[in-house]
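These notes are about the structure you will find just below.
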Amino acid sequence: MNENYNISSSPHIRDKATSSNIMLMVLIALLPATIFGIYNFRHENAWLLIVVTTATAVLSEYIYEKLMHKPITIGDFSAAVTGLLLALNLPPTLPLWMGALGSAFAIIIVKQLFGGLGQNFMNPALAARCFLLISFAGRMTYFVYDGVTGPTPLANLKAGEAVNTMDMLLGNTRGTIGETSVLAIMIGAMFLLLLGVIDLRIPGTYIVTFVIFIIIFGGHGFDAQYITAQLCGGGLMLGAWFMATDYVTSPITPRGQILYGICIGLLTGLFRIFGGSAEGVSYAIIISNLLVPLIEKITLPKPFGKGGEK
Amino acid sequence: MGFLTFKGGIHPKDGKDLSKNQAITELLPRGDLLYPLSQHIGAPANPIVKKGDHVLRGQKIAEAGGFVSAPVYSSVSGNVKGLEVHLGPTGNKVDCIVVENDGQYEETEYAPVKSLEELTKEEILNMISEAGIVGMGGAGFPTRVKLSPKEPEKIDYVIANCAECEPYITADYRRMLENTEELVSGMRVVLSLFDNAKGIFGIEDNKKECIEKLQEAVKDEPRMEVKVLQTKYPQGAERQLIYALTKRAIHSAMLPADAGCVVDNVETLIGIHYAVMEGRPLTERVVTVSGDDIQSPGNFKVLLGTNHQELVDAAGGFKTGPKKVVSGGPMMGFAMVTLNTPVTKTSSSILAFSEDEVSKRKSTQCINCGRCVEICPCRLVPSRLAKYADRHDEETFVAQYGMECVECGCCSYVCPAKLPLKQSIGSMRKIAIANKKKK
């Protein structure tokens, strides 16, 4: 008998989902915000910054892996996701070379030096944003809309000025390329929720915690207009749905994800209400990234038969 | 409608349509029959025949090697060719008694049977162990041992595992439809051992015909009930099944009896019926032959010891030649090296696949997506356990409940990075169990 059957440990069937098609879903989900950003900041040529930043991220990964004789992993789309997310977190007027530098930092320093995909302990795009914010504070907080320079709606809000929440919802305001349109972000987020790529645990607890925090400490009590403006302003929505939900840098345990969402909500509230700057989402998320090992340790699920079955 | 279930689990493509409507066909073997001495958990059986002996169908050829063991019977008449080392279905070399089939199927005479009322519990238990009955769902644990808990009066439920949650397999499905009486009778026998117990048939909701048939069959049985389970893998895993039906949960250090339950699968209960009500030992079972590379998938009543090649031939052979052949279900079965192995008491199916979904995809890094955590029926963190296992960190593995794993394979199934999580965890568990024994 001439038989050559494959031998492997069970199970012998596999689900269709792969890491690369999950990343591809995330890329697709970012499209509404990306397209809106390109349109919204067409006078600032936002598309160019998006292309340069994303391409640099992919190229950095390719060059690093080539030089280190590691398998090339750009096909899993994770570098593209990082690059695009970073671009969406940058002001449209940022010099291109700064965007490229941020991407290289995200991929090489934050991701690859710690072992590549799945090994980084901080969200690469956010870490790069914070790196750029510290290095080029002026350029990173320079916002233009329709050729007019000025503060973002969130900064107006912090200064106690009136803001137009409808504009903030639609996105016709100053801000980073991808953060201004809550509507576009939510279309992408709904897509990921429906596909089961993300669930409500992290973004839900994040948003609820933040709202409770600003009701108590925001100085406006239960003011729907103020709460809406806080939620639609700055990077909160982009952060909650696309950055806090990053698999690699969030807890794997279900209860840990809830705790993590609460952590980010508290920190965002703290930074926005009591901090010097109007914004605080990026720092809130990367600080919470650092707490993940601790959170996972105290939220290890109880197994079946020992209380976990319920 | 919310059917009974547990937390976690998966919904793989079930493939049951290939064979579910094929009635059970009897298959008489042509070639030699091989009887491994170890078709069960526990001590191997001891041969009581020698080369040249003439044996009849239903004649004992090896006796139990201890309390946790089971005897083996010849399923054909013919001459004993000897004791040989041969490849078993799991790829291990095993000691087998080889019987040359004379094609007469001359049957031995069985002792006269009594009615259930006339038998004592001890007699019933002895008949079950004498007949060589073991857990035929795949585990192969001697049934007599299972049916002898320390305090039989504390058993509240006798559960018939009619879930058949593994994809492709339809052997139990056909048994439920075609041997409903025998199944109910087997349950009656087991219930007679436990005075305070109720009998529950737990069936997944995708087996509507079986539910109807069984409900009809138990309507005059005050101690029996049919309960409908959600269709989900691994609904038939013992701990998950007990929980779904009774809301009682046991962990790795407990037995079903600790939750007042005894669980037996369909084929086992039917074996119990034949053993006690007809006095016949275990010499046959129903096996599903299916998969996309099988010419005409079906369900066959096979004499134990039959070569798997004959079984595949009976199903019309292969279409093109499979990449992978699996004994048992695709989730927990064994990949077979060769078809030249015998059907044993625990062979529920043989599946042939033209593609191997495992070798087709390369493993990549874990991205911490948490899918394995969401679906783990044992509520573990499989990706982390696999990581500890790969690092040989036995201490952390055990501390984070690695020993609670039932190796259902759901984690490997869902993993988008295609990591062999169950394999890593399973290997570490074996090492940890061995180390525990050493101490």
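Placement of Cβ uses the backbone N, Cα and C atoms for every residue, glycine included.
Quantities reported herein were computed from a predicted structural model and do not represent experimental measurements.
Pulled from TrEMBL:
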- A:21-39: transmembrane segment (TRANSMEM)
- A:45-64: transmembrane segment (TRANSMEM)
- A:96-114: transmembrane segment (TRANSMEM)
- A:126-145: transmembrane segment (TRANSMEM)
- A:Thr152: FMN phosphoryl threonine (MOD_RES)
- A:176-197: transmembrane segment (TRANSMEM)
- A:204-221: transmembrane segment (TRANSMEM)
- A:227-245: transmembrane segment (TRANSMEM)
- A:257-275: transmembrane segment (TRANSMEM)
Practice item. Measure from the Cβ of A:Thr152 (FMN phosphoryl threonine) and count the other Cβ atoms within 10 Å, all protein chains considered. Key: 24
Point to revise | Contacting positions for the transmembrane segment (A:126-145) when only residues 6+ beyond its ends and CB under 8 Å are counted | key: 40-41, 44, 86, 89-95, 98, 101-103, 105-106, 109-110, 151-152, 172-175, 239, 243, 282-283, 285-286, 289
Check your understanding: Any residues 6+ beyond the ends of the transmembrane segment (A:227-245) with a Cβ under 8 Å from its own?
Key -> 26, 29-30, 33, 85, 88-89, 123, 125-126, 152-154, 157, 163, 165, 168-169, 175-176, 178-179, 182, 185-186, 188-189, 192, 198, 202-203, 206-207, 210-211, 214-215, 218, 220, 260-261, 264, 268, 272, 278-282, 284-285, 288
Review point. List, by number or range, the same-chain residues at least 6 past the transmembrane segment (A:21-39) whose CB is under 8 A from its CB atoms?
Key: 46-47, 50, 76-78, 80-81, 84-85, 87-88, 92, 171, 177-181, 183-185, 187-189, 191-192, 195, 197, 238, 242
Point to revise | Folded-back contacts onto the transmembrane segment (A:45-64), same chain, C-beta under 8 angstroms, at least six residues removed | key: 34, 37-38, 70, 72-74, 79-80, 82-84, 86-88, 90, 92, 94, 96, 99-100, 102-104, 106-108, 111-112, 177
